[in-house]
Amino acid sequence: MTDTEKSFKVVLLGEGCVGKTSIVFRYIDNIFNDKHLMTQHAGFFQKHINIGGKRICLTIWDTAGQERFHALGPIYYRGSQGALVVYDITDNDSFIKAKNWIKELKTMLGNDISLCIIGNKCDLEKTRVIPLADAEAYAKSVGAIHYSTSAKLNKGIEELFLDLTRRMILNSSGVVIHSNTNTTGQTTNRSERIPIVPDSDSGNKQPGCCSN
C-alpha cells in the first residue's frame, strides 16, 4: 500500500462449498476453476483499485468454512471494515449458517461494519431453495445489502466489490460517493495469495469439490 492509498480489510465468511474462494478468484484474477477444492486454511488476497478518484487497497480474507474452523472466525474478522457473508441459493443449511455468522459479526463489530449478504450460484436458479425475497428481507433487517452472484458465469462479482468499497469509504470518511461516479477505470496490481494457519489435520480429510 502506498502513502496515498486507503486500506480496507474485508472478511469473507460462509460455510464450505458455498463458493467463497471462487468469488475471490473471479474478482482478483478473473478465473474460475470448477474443480476447486474446499479451502483448508485461511489466507488473504490483495487488490488495488481506483474508485471515485481514490486509490484503494482491498485486503480480502478468505476463511475456511468447515465447522472445526468456526472458532477461529473472530481472529480473522477482527478489525474488518467490510464483511461478505456467502450462502448457496440451493442449500438451506448454508443460509441458516450465514445468519449465525452475521450474529457473531454483529456481536463483535457492532453496526459499523459494511455488511453484504451474497446468494451465490445463481446460475443454478432452477434448483434454488432460498426465495430471493426472503433473503433480501433478512438482509434489510440486519442492515445489510443482498447481492446475487455466480462465480461460474462472472455475474454480479465486480458490482459487489465496487459497491462494498463505496460503502466502506462512506463509513470511514463521510464522503458521499455518487451513484454516477465512474468506477470502470480500476487498475490492479499483481494479487497476492498468502496462505496462513495451515490445517494440520487436512491430510486426514478428503476435501470436497466446491465452485460456482
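Backbone N, Cα and C define each Cβ position, glycine as well.
Small disclaimer: the values here were computed from a predicted structure and weren't measured.
The annotation GTP binding site is assigned in Swiss-Prot to 14-21, 62-66, 120-123 on the grounds of similarity to another entry. Taken from Swiss-Prot, the feature region 'Disordered' applies to 181-212. Summarising the annotation, Swiss-Prot assigns compositional bias 'Polar residues' to 201-212. Per Swiss-Prot, S-geranylgeranyl cysteine is recorded for CYS209, CYS210, and the stated evidence type is similarity to another entry.
Annotated features taken from Swiss-Prot, shown on the structure.
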residue : record           : Cβ within 10 Å
GLY14   : GTP binding site : 25
CYS17   : GTP binding site : 23
LYS20   : GTP binding site : 27
THR63   : GTP binding site : 25
CYS122  : GTP binding site : 21
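In three-state terms derived from DSSP, THR63 (GTP binding site) belongs to neither a helical nor a strand segment and is classed as coil.
The DSSP secondary structure for CYS17 (GTP binding site) is coil.
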